[in-house]
Amino acid sequence: MCGIVGYVGKRNSQNILIEGLKKLEYRGYDSAGVAVYTTNGLKVSKAKGRLANLESKLGDAPLDGTIGIGHTRWATHGKPSDVNSHPHTDNSQKFSVVHNGIIENYIALKEELIAKGHVFVSETDTEVISHLIASLYDGDIVKAVQAAVQRMTGAFALGVLTEYEPDKLVAVRLQSPLIIGVGEGENFIGSDIPAILEYTRNVYILNDGEMALLTRDGVELMTLEGNFISRELFHVDWDIVTAEKAGFDHFMLKEIHEQPKAYRDTMGVRLDASGRKVVLTEVGMTPEQIRSIRNVHIVACGTAYHAGLVGKTVIEKLARIPVENDVASEYRYRSPIITPETLVIVVSQSGETADTLAALREAKRCGARVLAITNVVGSSVAREADDVIVTWAGPEIAVASTKAYTSQLIAFYLLGLYLAQTLGTQDEAAIAEVIAELKELPEKVEAILAQSETIKEIAEQIATHDNLFFIGRGVDYAVVLEGSLKLKEISYIHSEAYAAGELKHGTLALIEEGIPVIALATQHDLFEKTVSNIKEVKARGAHVFGIHEAGNEEMAKVVDQVFAVPATHPLLTPALSVIPLQLLSYYASLARGNDVDKPRNLAKSVTVE
Ligand code: M6R
């Protein structure tokens, strides 16, 4: 995900910016750039690819100056390229901006600015900010930034410089992290603590809706409305490795906790302000093309495949189009029946999985339209698909996929609703009901995360076993498949996930005294059936952990231990019920002393067949 560094002081800012950006490399990025106020004015240098490319450019043409901003970009709006890299400037080149996050109303702002004569050179939402600030500037950069922020909707962190006030660096935070580092005769901004840790351990952590004015001599904190704030300095005593994980013990835990943000970012601009419609501008299919879809194939590997299983339920229930799921490594060898009326959806966090890419190519060879759901803009899958829905989960570093999976679920919800509204298979009220529930998911995830200790206790019991079972029905079955994969992957405990009604056809023979069974029962219409299956395993001595929806008092009567997730629309339960299963795997792995982030034998991206 993007990284921000800024500096004002007496040293060479270019070097400090580059060193700070290097500390943010672990977040992932595909281009980088810096802007420095030099004796020749505000100058920018940017390069696609690794920081080494930018360093080499700066080696040939250094930017000497003592105030600057730098950025590593992880592409969202527009492909990775020099021109789309930050910092972005206005037409006069007097204002420069680095930005993390998304400006949701950037298209409307851009049209307004174009009408006033502004010329845009990039595909990014960020470029709008530099133009907007320039258009509002009247001799006071703080006021111009405040006025610009009032016009912008979305989530963002900003670093802003202007040649007109070359001693001032302005920082803004709105739902995207930003910290201020305080030194002696020098001050810093950073999207993460590691960026500045080499220079200072004294920081102000900006809260949402706050901004700061940095000069060599000090830092003024204020609200976006201009009211000054006084705050204690926070002394960071983490080492650099802990700082990279934002204080979490592992990347996996950090990524589990990033899910509320990933949900918000993935929904973001795609939910119309009216709350009654989904807007998927990235899907280029015309209504006629959508109406001509006869069937859907969802193809992926591992966790992404499991997201696709939920996707099947979502698309079939909302859009009433028949869906088949395929493991990508099997797809092209089974001579699938693909016609020009088949929509093939490939799902891949990395966008580089060899089997998924091969399936995509096979689908295209057979004349199907291919829609990709991926987390990486500019990946092979994104480049080769006809339409791409990007999941804005940010880079996922732990091998075990968590926030990418749940963002893929959000993408399927958006797609299912979009197809339904185009086909008219659901009325506006039904669509609005799902959208309203979607918007509430991030807070509900936060409520589950707040109960992590309860899950940890269950995980510690489970960690002492070598075998266990997961059961569920309907969409819960898709979720327990993912829960079981996660547990196997990082705890190395053998587990099997079963459609609860299928146990008695063989697997019940494996149930013996004390074996843990995790039963997921969130679906009201299937609850009684699942309870019958729970009783079958209980009668044979299983110790059952039940996960159910809050408000259902019946589960506690039939299982040994319960965990409730907040109630939501029946189709959306996977986006909540998977969270305790992720935490369960994490804590079980921890209890077993495993390397949580790098499980044995596995790679993050599988680029071989
Ligand atoms: O990058 P992709 O989504 O294509 O990766 C697919 C699988 O390799 C991946 O989901 C894998 O199963 C995860 N490590 C599971 O946590």
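Note that Cβ sites are derived from N, Cα and C of the backbone, with glycine treated the same way.
Curation plays no part in TrEMBL annotations; they are all automatic predictions.
Taken from TrEMBL, the feature active site, nucleophile covers C2. Taken from TrEMBL, the feature active site, for Fru-6P isomerization activity applies to K604. Residues or ranges marked as domain 'Glutamine amidotransferase type-2' in TrEMBL: 2-217. Summarising the annotation, TrEMBL assigns domain 'SIS' to 286-425, 458-599.
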What are the sequence-distant neighbours of the residue listed as 'active site, nucleophile', meaning same chain, six or more residues apart, C-beta distance under 8 angstroms?
R27, Y29, H71, T72, R73, W74, H86, H99, N100, S191
Could you pull the average pLDDT for the domain 'Glutamine amidotransferase type-2' (2-217)?
93
I'd like the number of other C-beta atoms within 10 A of the C-beta of K604 (active site, for Fru-6P isomerization activity), please.
15
Helix, strand and coil residues within the domain 'SIS' (286-425) as assigned by DSSP:
68 helix, 28 strand, 44 coil
